[in-house]
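Chemist: Copying in the features that TrEMBL gives for the protein in this structure:
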type	residues	note
BINDING	ARG42	L-glutamate binding site
BINDING	GLY76, ARG77, TRP102, THR154, ASP174, GLN197, ASN239, THR240	pyridoxal 5'-phosphate binding site
DOMAIN	5-350	domain 'Aminotransferase class V'
MOD_RES	LYS198	N6-(pyridoxal phosphate)lysine
Amino acid sequence: MTAPFNFSAGPAMLPRAVLERAQEELRSWRGSGISVMEISHRDPAFMQMAFQAEQDLRDLMAIPQNYQVLFMHGGGRGQFSAVPQNIAAPNATVDYLNCGIWSDFAIREAQKYVAKVNVVAGVIDTDQGRAIAPANSWQVSEDAAYFHYCPNETVDGLALHQIPSHIKAPLVADMSSTILSEPLAVEQFGIIYAGAQKNIGPSGFAIAIVREDLLGHAQGSTSTIMDYTVQAQDRSMYNTPNTWAWYLSGLVFEWLKEQGGVAAMGAINQQKADLLYRYIDSSAFYSNPVHPDYRSKMNVPFLLADSALDGKFLQLAEAQGLLGLKGHRFVGGMRASIYNAMPLEGVQALVSFMQEFEQKHT
Ligand code: PMP
């Protein structure tokens, strides 16, 4: 594959094969003469496609039978409010690990719906870089309705690679930027959710994987489209779902299966991350602020030794077809997001460009 390579954090790169297939089918889906966007979600052909997409996701993630897979509206942030409303009473205590910017937004949203949001721990500075406080220091509540964390902080490039194993409350994970990137023990979670626009499909769409014993407890004021129980009963078709996003996500799942599933993705994602971090660590010109054990394999933030060169770096990178490398507006610097759709060649092209830029400016 050749440039352009899109390193955007999200909406992010989609597999080229998926875009080509969608283009081919755009004007006449399955020989119907009309597009998939113009068909009723109750049409048997649409429903067959939608439920096949669900099955493919179940196969890819080995989702046990006692979990519902919900296709929801409202992206990742929609789930920040859906989670407390669905599985905590207004007078409940809930636990949150604060790993970074997205955890922080989730905490602030939860505060609207429950009496006590207990932040168990946060990010610490170590002499090897930023890290997450060790699990034995977390101030976990005795009676939390759930424990929420974000295993991969997209902006900070900080990841918790081990699933917290000592938590009694149901584990809830915001996997917006890490879902489907490697094998995962779904059965250890109460809820896994993800905004779609990184490893799944278009933005505004989200997937929630909910263990069935957590259904049936929504607060009375929960809006019906965000009620997991209603969406589970209606197979995510309580109201008109985002049919286009569902279709494209289904194509991505098919593509993932063809690539060998999440085990194959995990191996290549590790290779991509190793290549980029190894180069950053070997260079005095670039740096990554995260402790090696907590580095994200999906979002790699890096700084130039001289931030006055940031603009030039981005401009030259873009001219070579290396797109979307500007860091998040909250933190600046650069960030390379290397989700499933990014081929190894893309990371190789980025490293070559970084080497060339370093040589010219030192
Ligand atoms: N959680 C994480 C980890 C994210 O990276 C993002 C978006 N970048 C969100 C939540 C919010 O997603 P959305 O914009 O779809 O609401």
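A Cβ is built for glycine as well, from the same backbone N, Cα and C atoms used for every other residue.
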Chemist: May I ask which of the binding-site residues ARG42, GLY76, ARG77 have a CB within less than 6 Å of any atom of ligand 1, listed in sequence order?
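Modeler: What lies within reach of ligand 1, judged by Cβ under 6 Å, is GLY76, ARG77.
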Chemist: Averaging the per-residue pLDDT over the domain 'Aminotransferase class V' (5-350), what integer do you get?
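Modeler: Mean model confidence (pLDDT) across the domain 'Aminotransferase class V' (5-350) is 97.
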Chemist: Using Cα coordinates, what distance in whole Å links TRP102 (pyridoxal 5'-phosphate binding site) and the residue listed as 'N6-(pyridoxal phosphate)lysine'?
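Modeler: Just about 15 Å between their Cα atoms.
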Chemist: In sequence order, which residues at least six apart in the same chain have a CB under 8 Å from the CB of ARG77 (pyridoxal 5'-phosphate binding site)?
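Modeler: Same-chain residues close to ARG77 (pyridoxal 5'-phosphate binding site) (Cβ under 8 Å, separated by 6 or more) are PHE105, GLU109, GLY195.
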Chemist: How many Å separate the Cα atoms of THR154 (pyridoxal 5'-phosphate binding site) and LYS198 (N6-(pyridoxal phosphate)lysine)?
Modeler: 10
Chemist: If you count Cβ atoms within 10 Å of each one, which of the recorded positions ARG42, LYS198 comes out on top?
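Modeler: Answer by Cβ density within 10 Å: LYS198.
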Chemist: Per the record, pyridoxal 5'-phosphate is bound by GLY76, ARG77, TRP102, THR154, ASP174, GLN197, ASN239, THR240: how many Å separate the farthest pair of Cα atoms?
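Modeler: The widest Cα-Cα gap among those binding residues is 30 Å.
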Chemist: Helix, strand or coil at ARG77 (pyridoxal 5'-phosphate binding site), per DSSP?
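Modeler: Assignment for ARG77 (pyridoxal 5'-phosphate binding site) reads helix.
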Chemist: Over all shown protein chains, what is the count of other CB atoms within 10 A of the CB belonging to GLY76 (pyridoxal 5'-phosphate binding site)?
Modeler: 25
Chemist: If you compare CA-to-CA distances from the residue listed as 'L-glutamate binding site' to each of the recorded positions GLY76, ASP174, GLN197, LYS198, THR240, which comes out shortest?
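Modeler: Ranked by Cα distance from the residue listed as 'L-glutamate binding site', first place goes to THR240.
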Chemist: With Cβ-Cβ distance below 8 Å and at least 6 positions apart along the chain, what are the contacts of GLN197 (pyridoxal 5'-phosphate binding site)? List them in sequence order.
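Modeler: Same-chain residues close to GLN197 (pyridoxal 5'-phosphate binding site) (Cβ under 8 Å, separated by 6 or more) are GLY10, PRO11, ALA12, GLY75, SER203, GLY204, PHE205.
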